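Trainee: Dumping the structure here so I can ask a few things about it.
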Amino acid sequence: MDETTTVPAAPEPARGARHPLAWVPTLYLAQGLPFYSVALVAGLMFKSLGVANDRIAHWTGLLGLAWVFKALWSPLLELAPGKKAAVVALQLVGGAALGALALALQLPGWFALSIGLLALVALASSTHDIAADGLYIASLDARRQAAYAGWQGAFFNGAKFLSLGGLVILAGHLEQKIGAFAAWSAVFGLLGALMAVLGLYHAWALPDARARAAAGVPAASAHLRGVALMLDVVRTFFAKRGIWLGLLFIVLFRAGEGQVQTIGPLFLRDARALGGLGLSTQQVGAIYGTAGTAAFLAGSVLGGWFSARLGLRRAMPFLILAMNLPNLVFYWLSVARPDAAAAVTAALGLEMFGYGFGFVGIILFIMQVIASGPYQTAHYALGTGFMQLGFVLSKVVSGDIQQALGYRHFFLWVLLAALPALVLARCVRLEVATNTEAGGGTGQPSGAAPAAPMAAQPLARPPSGQPR
């Protein structure tokens, strides 16, 4: 492209563009499937294949770094002239990696190969998040973005239901008939085929959105302004009053959750002789995929209502306690070790309700406090990146701690891990900052358009690293 070439200021609908319902639901299904494959399904697979808890926690935790640092390579996608090709290519790469994982499970060095291929899935999936969201924004005006936001959340969460309530249950059924390795090969082969089908479908269905620049501004100049804007985004983020204490609060808020999310399902699967509950893969998938998902959604809705009624400052201590209700649930399970399926299902439903209710707290803190002022969207993304970093760090060390303490004392430890966040909640600023407090002045470089305000409303889909 010539340096004097200009790009339209607003996207023009492509000729013959499909209706948004032809591609928005499937786009966010394709966003959720590889994410949950790495975040949830992989850990259950490794447990069925006999991998030790500390290795599962360590390696699956490190895979989450792809979502922590995805913002580092996001400018490369922003500068690309077309987003459709990137979305389709990343879906096909993810599908190919999942299919290769199915084959790798039949080879002698299957564990190392599996981790390498899951890392490729994680990189493709985290990059796909950026490309897919960019395509959605570039293809739809503000009115239609709002109109189809609910479809985003429904199908992203539908991927979790399909993964836990469908594929994990299928794996548990096949384990009893053809063995664990063959069962999980079949499941990941099915996942890879599904991603490939979605990629090919999107090659036809997605709109061909193009990158935008301000009207009359040379493309090269627009790129330079983009770099200057990114630097100003980072500068104003770290210039906010109390930012370092706020970031410490974000990292510690999920310290207990990251550990329980990793070890909890492994505890459910472990034999009773080893201190676990001895549930089958099929049972774990059925509980989390159905009752657990419903309880999480109910908790999220009620948590949002509760926070709106009390305000963030008054609600935050209760939200932190709710976020750690799952830790208490698992401690009770490790002590009582109930046999009745109804008791286990009720306890895990309470666990997921607590996650949903409490998770609202950290989202609102990032949205209303950390991201207040100029560049709300970019600062929100940076805040959620730090949140995911805290989640990953706690996940990585959880296996070593559990191996050292045993299940019962481990769940007691994660109850104590909630205390630092509860103490910090008394110290951090919990009200919306003024523009000056949020970064000094306007925080906008000369000639830049002002940032659009961000509404403090429930998210259509939670950021990466969300609870199960």
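Keep in mind that glycine also has a Cβ here, set from the backbone N, Cα and C atoms.
Heads up, TrEMBL stuff is auto-annotated, nobody curated it.
The following feature annotations were taken from TrEMBL:
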type     : residues : note
TRANSMEM : 20-44    : transmembrane segment
TRANSMEM : 56-73    : transmembrane segment
TRANSMEM : 85-103   : transmembrane segment
TRANSMEM : 110-128  : transmembrane segment
TRANSMEM : 148-171  : transmembrane segment
TRANSMEM : 178-201  : transmembrane segment
TRANSMEM : 243-267  : transmembrane segment
TRANSMEM : 287-308  : transmembrane segment
TRANSMEM : 315-334  : transmembrane segment
TRANSMEM : 340-366  : transmembrane segment
TRANSMEM : 378-398  : transmembrane segment
TRANSMEM : 410-428  : transmembrane segment
REGION   : 439-468  : region 'Disordered'
COMPBIAS : 445-459  : compositional bias 'Low complexity'
Trainee: Other than its close neighbours in sequence, what residues sit by the transmembrane segment (287-308), given a CB gap under 8 Å and a spacing of at least six beyond its ends?
Mentor: 157, 160-161, 163-166, 168-169, 265, 279, 315, 318-319, 322, 344-345, 348-361, 364, 458, 467-468
Trainee: Which residues, given as numbers and ranges, are at least 6 beyond the ends of the transmembrane segment (378-398) yet have a Cβ under 8 Å from it?
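Mentor: For the transmembrane segment (378-398), the list is 57-58, 60-62, 64-65, 67-71, 233-234, 236-237, 247, 250-263, 362, 366-367, 370-371, 417, 451, 454, 463-465.
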Trainee: Under 8 Å, at least 3 Cβ pairs, sequence separation 6 or more: does that hold for the transmembrane segment (85-103) versus the transmembrane segment (148-171)?
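Mentor: With fewer than 3 qualifying Cβ pairs, these stretches do not touch.
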Trainee: At an 8 Å Cβ cut-off, counting only pairs 6 or more apart in sequence, do the transmembrane segment (56-73) and the transmembrane segment (148-171) clear the bar of 3 or more pairs?
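Mentor: No, these stretches are not in contact.
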Trainee: With the transmembrane segment (178-201) as the reference, find which of 20-44, 148-171, 243-267, 340-366 contributes the most Cβ pairs under 8 Å.
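Mentor: Per the Cβ under 8 Å count, 20-44.
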Trainee: With CB pairs under 8 Å as the measure, which of the listed stretches 20-44, 243-267, 340-366 comes out on top against the transmembrane segment (148-171)?
Mentor: 20-44
